[in-house]
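As recorded in TrEMBL, the features of this protein are as follows:
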type: COMPBIAS; residues: 1-12; note: compositional bias 'Polar residues'
type: REGION; residues: 1-22; note: region 'Disordered'
type: TRANSMEM; residues: 108-129; note: transmembrane segment
type: TRANSMEM; residues: 157-178; note: transmembrane segment
type: TRANSMEM; residues: 208-226; note: transmembrane segment
type: TRANSMEM; residues: 269-292; note: transmembrane segment
type: TRANSMEM; residues: 304-326; note: transmembrane segment
type: TRANSMEM; residues: 356-380; note: transmembrane segment
type: TRANSMEM; residues: 392-415; note: transmembrane segment
type: TRANSMEM; residues: 470-490; note: transmembrane segment
type: TRANSMEM; residues: 496-518; note: transmembrane segment
type: TRANSMEM; residues: 530-554; note: transmembrane segment
type: TRANSMEM; residues: 560-581; note: transmembrane segment
type: DOMAIN; residues: 725-783; note: domain 'CBS'
């Protein structure tokens, strides 16, 4: 076992926004003297054995780490904690009661706008997908019907594969070449954002446009994906944009909602946007609120809950209203969200007490299959990070998956002899006859030759004996591997619907088998209820959500009868799955080396104190500091701090400086940009007093220090930080235990926590990465290595 290792920056490269990383200390070569015998050292690189050649290469950009045992220094934290400096307090004191009431009304207006716009986007995605998919399936169906009689079905296969590949190619190109952050569902990125991590470009307008176009292309392209996951990301982007009253991408400022231009307010609105996205996707406003609570927001209060619920309701209402017009039923607001599970009538799907153990067993199966799915996808993602990181390769892989999906689907349909009668009440959109007799259709085509949402609905509601067991078994096996291969491609796509489809298939299979092994098969009633339980078990086993997913499933099915079974199934799936591996979103967060802070500190960390965890020594600034010193400090690439304790010398001179406040890098940059120097302020009687508006106008893309010119004369000026620093930063004594530090940091949404000695002198600083380094591994408490990636 080893000492705590030095935190070394592998590169001085800053992220795209120009802001520096947040490593606070130990970057100038010092190291902690205390030895921690119980902490294992996890790193793919032994920093102390680097050769001089390797050291010379440190300044070059590195590839994304393909090891979840690294923490990336490129991710910064968000400033959730309000800076209560003199400017802030003066503004708050000047505000009247009516001003506060107007602000509260503005928050409700913003939430209403978020819900409305998210509902519109969901409606647009739904209509475009339905129209394009309808055209594609109609063309392929006519082609198959034509060549079934005359021979030459290989032409139909080529047509299907080409159509799929073209759509997927378009969706993949815009993601891989224009906005890579729009890949996937976006849920892991939004989870990180709401946890307090600044993910570059995650809530940009460009990201939204690429996300919407990308998800349309990937769903129409026949991939094993759903359009529900990306709706959550889309809602979050809408919320981030609307709440700021301007677009930095379009360089348009509407002079609205200026008070909300800070991380604290923006985070609350992004929570509402994520909830509105869930609500639009599943027609589940309560499920959306609970999703934000369970998976997203780190901070919660009653008024925020109400506003988020309002945004969710407006989102569902907007989607229903516009879909009713599209469906020539204006005013009919009974449409659910993007995915319609159909209504489960209580009489046909009633369940008995003796079935509950069967449901729990299905939950365990879902947990096992979910763990297998996550493990396979984990290794596949590592392979992609290592070998498929070029955009052209990513596009080619996406096209390959699209072609393989079409080929496998066609082959399964071609060799299936599961023919079912085409009844008068048959609801299949594109029934394929193939080699079945007249008046019959190929049952395998119902699952494969359809959008995933329609396939789920048919598995839930089609009559018993619609599918034979072999069809369901082969479909489950095939679609499981296709979905696993598809998640992580450079396309915008979600994993909700594929998970539900896999679970519904094996769940219906369980229902059929249970009916066949008993003498009176009717007691097991409709196999659709087992499809519903299987769908919940599979989705729970993959994403590991419990509370929100229970409510989403209950709301989407329109029947509260299954509340208890679904809850038991999801709990079982989570417990079983967690025994083997984490949830899919958590795995992808780890693989990106994001310093994500969970709700609690590691269980065995009470023996660690703030002194062992903190970064030291810390760069401090005097209350009245020389401008040249500030510029040099900010420009120094080896001390990329984002927070600087402000100290004051005690009268007497010999005594060490004591803490009197904290100031952020972003504040210092604004002060330098506006040249708020003491000498200049005295010499110019017309010097404009800096206001909070100046800081809000620069938010969120503060300029880099390299873009600010300071002359040699100005470097000799002094800067008084008294008015701008936070005079009451949170501090802890150096003997504070790690769980206590963690709880303070997490609950208060801090970015910097100052560690002081018994005389209020700064001895260190705790940041997010100092806490995220420690986690529970298989061999107890482990420390992750920090790397600039």
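Cβ from N, Cα, C; glycine included.
Sequence-distant residue pairs (6 or more apart) of the transmembrane segment (530-554) and the transmembrane segment (356-380) include at least 3 whose Cβ atoms are under 8 Å, placing the two stretches in contact. Most Cβ pairs within less than 8 Å of the transmembrane segment (392-415), among stretches 157-178, 269-292, 304-326, 496-518, 560-581, belong to 157-178. Sequence-distant neighbours of the transmembrane segment (108-129) (same chain, 6+ residues past either end, Cβ-Cβ under 8 Å): 208, 212, 215-216, 219-220, 227, 231, 234-235, 238-239, 242-243, 257, 260, 269, 272-273, 276-277, 279-281, 307-308, 310-319, 322-323, 326, 337-338, 451. With a threshold of 8 Å between CB atoms, the same-chain residues lying at least 6 positions outside the transmembrane segment (470-490) that come near it are 172, 175-176, 180, 183-184, 223-225, 369, 373, 376-377, 380-381, 384, 391, 394-395, 397-398, 401, 404-405, 408, 412, 416, 418, 443-444, 447-448, 498-499, 501-502, 505-506, 508-509, 512, 584, 588. Across 208-226, 269-292, 356-380, 496-518, the stretch most heavily in contact with the transmembrane segment (560-581), judged by Cβ pairs under 8 Å, is 356-380.
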